[in-house]
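Copied from Swiss-Prot, the annotated features are:
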- GLU985: active site, proton donor/acceptor (ACT_SITE)
- HIS803, GLU806, HIS900: Zn(2+) binding site (BINDING)
- 299-313: compositional bias 'Acidic residues' (COMPBIAS)
- 731-1021: domain 'Peptidase M14' (DOMAIN)
- 287-338: region 'Disordered' (REGION)
- 1099-1122: region 'Disordered' (REGION)
Amino acid sequence: MAEQEGSGLQMLLHTLQNSSDKASTLSILQVLGDLLSVGTDRRIYYMISKGGSEALLQTLVDTARSSSPDWDILLPLFRLLAKVGLRDKKFGQKALELEALDVTLILARKNLSHSQNLLHCLWVLRVFASSVTTGAMLGINGAMELLFKVLSPYTRKHTRTIRAATEVLAALLKSSKHLRRAVNRGYVNSLLRLHQDWHSRDVTNTYVTIRHGLLLCLRHIVALRSGREAFLAAQGMETLFSSAQTCLENKNMELVISAVIQILRQCYPASRLPLVTASSAYTFPAPGSTSSELPLNLTEEDFDDDGDEEMDKDSDVEAVKEDDDLETDLSKLSSKPGLDLPEEELAQYDAMCPELSCSFEELEPKCGDDLNNKDTLHANHHHIPSVASLRQHCFNREHSSWRQEREDTVHSSILHMVKTGKSGVPSSSKQRSATNVNQSLQQNGLEIDSSGHDTSDIQAPLEQAAWDMEAISCPRITASFPNSTKPEESIGAAEKLLHTHAKHIPFHDPHLYIANAMRTRSAVGFKTMAFPDLWGHCPPPAAQPMLDRKLGVQRIKILEDIRRLLHPSDVINKVVFSLDEPRPLQGSISNCLMFHSKFESGNLRKAIQVREFEYDLLVNADVNSSQHQQWFYFKVSGMRAAVPYHFNIINCEKPNSQFNYGMQPTLYSVKEALLGRPAWIRTGSDICYYKNHYRQNAATMDGALGKRYYTLTFAVTFPHNEDACYLAYHYPYTYSTLMTHLEILERSIDHREIYFRHDVLCQTLGGNPCPLVTITAFPESNSTEHLEQFRCRPYQVITARVHPGESNASWVMKGTLEFLVSSDPVAKLLRENFVFKIIPMLNPDGVINGNHRCSLRGEDLNRQWLSPQAHLQPTIYHAKGLLHYLSSTGRGPVVFCDFHGHSQKKNVFLYGCSMKETLWQAGCTVGESALLEDVSYRTLPKILDKLAPAFTMNSCSFLVEKSRASTARVVVWREMGVSRSYTMESSYCGCNQGPYQGLQFGTGELEEMGAMYCLGLLILELKSVNCSHKLLARASSLLNADVLEHYLQRCSSSSSNSSNRTSEVDDEPYCMEEIDYSADSSSDAEQNFTELDRQIQECALNKDEEEEEKEEGTGWRRRSVT
């Protein structure tokens, strides 16, 4: 049947080429037109495969070269040619070979006064122009001159023809040769005048497509330097800026506004950042480097988070690059367990693992070790709280005992917190779903006293004490809160304030924090503490939804940037804060906000007031680096209440951000904390993230083209006058906070049951101890059997915070630590059957000094795992050494997991390692024997997908990339043979699936994920074939047997959203407004031929209609365009 259809079509085409009878030719064209006007494009592609393009082109040439071309034939023929040519990739080459290009141009020139004939010629020229080869020939043969004759002078007659001419011209101007020709011939002025004619006279916005077509021509022209110069000389910036103001609020003008904005962005002169140098304001004389040395040979991978595919994936080219990065060398993919350290060096790790060799007496806590005093007793808890209960406790004005509250729920295990399904909500989380939160709370999360009680009793002593707000909000590390009116009382001010406004926060003690902060060493010697870190944080009473982005917010910000260029006198441009200035600037500056960032984890380098309530901010690069500007954390004070302040962070590096997809920065108000609501909350409106006009100095990049920067802009309305507020990229978690947390944990546990050991893995380059925590259960007795079971427990290794800016990893780790020492039956089982070795912060120096990614040497420590050196990367060297030591004793970890944060995707997910999946993805064909591997690496992610509300299997990946060869995940997998070696990524933003869909992550959700990870480890063990009957029996006795069986079966069922290979899905749709402004953007309307198809179809249905349109109004002078 198919052969008959093919032969029938070929017969039609053959007859068409050889027929000299007009009626027969018209009949065949009618049949072909009817065939191609219905159904799918498959019919057109089938016709192309049977020589349809050649037949139509040959018919065109034969008809056009006759003494009197018959337009009754040419019109339907042109329509068919345009329709077929859009789908034929070789259409241009075929047209050149058959000389159809020349005859089409000749016909167009002869029909300038016949709009219907000319319109059809232009449609086919539009198809020719989309081909590089035929487009070049059109330019050589004078097509642009022909088009300008059609476009000028301005007229409202034949508007469909004018529209078609603009589209052909826009397609031609994608060629650099045509661009230069257009600039040299003065067409820039002509196009500007034409656009202004249409803009000023099209008052009803009837001809938006023509105006858009002219703007596309200009957009291509300004992509060329000479084109931009001509455009600027013709006052193009001022002209288009003025025209944009008149139509911003008109939704029907979206095409025009978007094109204008892109042209203005393209023409904004590139400039250097307002910094003395791109290098960090902080330096450190690290071994092997000098303070002025910058990292060389930077690659795109240096800007990626571990496992992050941070770059946009909008094209097939990016996909090809990703596939090229896949490791295909079997020798590098194969696991090769072995030691790269001498055995004598491994002996140093004996002291870090006393549980393997010490006697029972040596392990027992000494009499003085029981530190459960009245200050920390209530910090002990019996199981990790759900997000809702944690919030409820933190904002409970009755200050009920934490211990008592936990005792009330001791019989309720973490199992009650797991998600009930992809669309379900955990029972403990129902109350915290996005409820009807007060509008002001949604915006700032601050104005409402969550307890519902009157706050006057707290506010009164605050006012009576008349504290110096600046001193309170950023106290000196000496624990002094100076009071300007009563200096003699300054020494006891801190104690007095803490006593007056005491509010218990679980696992936090300001007194201990001060002590730890005094011991912390920074590169520049910080002398102040951030108030939120001292005072503490409680999750807000309700989950905060993602911010709905308003359409047009980005273009408004960009137009404000353009306004600065065009009207510089309107800009204040006053530096109000700078780390580069030898003396503080703000003492003599008034009528502006005051900024501060010289505290632990703080990052703000410079603040410039540009308008009364608007500031440009620049964040500091990592120490000894000129890169990695993302993390920010600073104090701002001196504000007015109920006034929107706009902040523009102008030196961001990432090409996209979750700030474009609902994420908000975090804010902590000192006054709110003193009023009993100490919380980091998501805040900000009018948020967007886009490429700006700043460029890094090429000299900084070793002569390479200077890197472009991005702007994060947001508005904050502060709740109180003269408050002091802290703003941060994400919820901060400092090194001193960690050390305080570990100390409180150690004090709060029952040392008769829980073996908790806090060691020092090593000293960092900055002189700070890197903590190593061991958690397990004490042996039941000192009998040989119990001691043997104790020493034979398998190990679980968890690390975090190798990248300082990923503070969410620390909050997940906090949840893990608190759960493991809790009285939850699951935690008890885990302690009895595993030894947990935890390094909660692999990069203390980076965290302390406000880095985003690097160590004090300016290098990414997660790219140093292949061959770390003790004097250069001590924490990585000893972490790897400890892992090698465990492997050498036959105690390699069951699971290794490195906690990270992810800035481009939502949810929580794992990256693992699979040789088979990597080779499959890369398209490599190898023998079956080479593909044999342990597939258990998929089990834990599948379990977490069933249990953890924030986790999704869909985003997990198990590919091994060349660029990740030196990361912890890959090195532990390859060198130590740990098949379950993972990176766990937590979004900075929130969830787009499951119970938390549409909500931003708070610290409660992150801590909950840390606890859920532990539950996943237990389920993994219970499901394993080697699970002992004793453990199963113990689990049944501690947990509800029916409930346990339910979850074991549930985690054994196949995941509905996973298969043999889980494909990674795009996390976000295209942004509503273009982040970039490249001239060849795929969103250009001329790239989409659907509209041209529609025009052709419409013309075919109304071919008897006259297209002539009368000019509206009289007396308009037609302006000639030259």
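From the backbone N, Cα and C atoms, a Cβ is placed for every residue, glycine too.
Counting Cβ atoms from all protein chains shown, HIS900 (Zn(2+) binding site) has 28 others lying within 10 Å of its own Cβ. Secondary structure from DSSP puts HIS803 (Zn(2+) binding site) in coil. GLU985 (active site, proton donor/acceptor) counts 28 other C-beta atoms within 10 Å of its own C-beta, drawing on all protein chains shown. Restricting the average to the domain 'Peptidase M14' (731-1021) gives a pLDDT of 94. The DSSP secondary structure for HIS900 (Zn(2+) binding site) is strand. Among the binding-site residues listed (HIS803, GLU806, HIS900), HIS900 has its Cα nearest to the Cα of GLU985 (active site, proton donor/acceptor). Neighbours of HIS803 (Zn(2+) binding site), defined as other CB atoms within 10 A of its CB across all chains, total 27. In the three-state DSSP classification, the residue listed as 'active site, proton donor/acceptor' falls within a strand. Within 10 Å of the C-beta of GLU806 (Zn(2+) binding site) we count 29 further C-beta atoms, all protein chains included.
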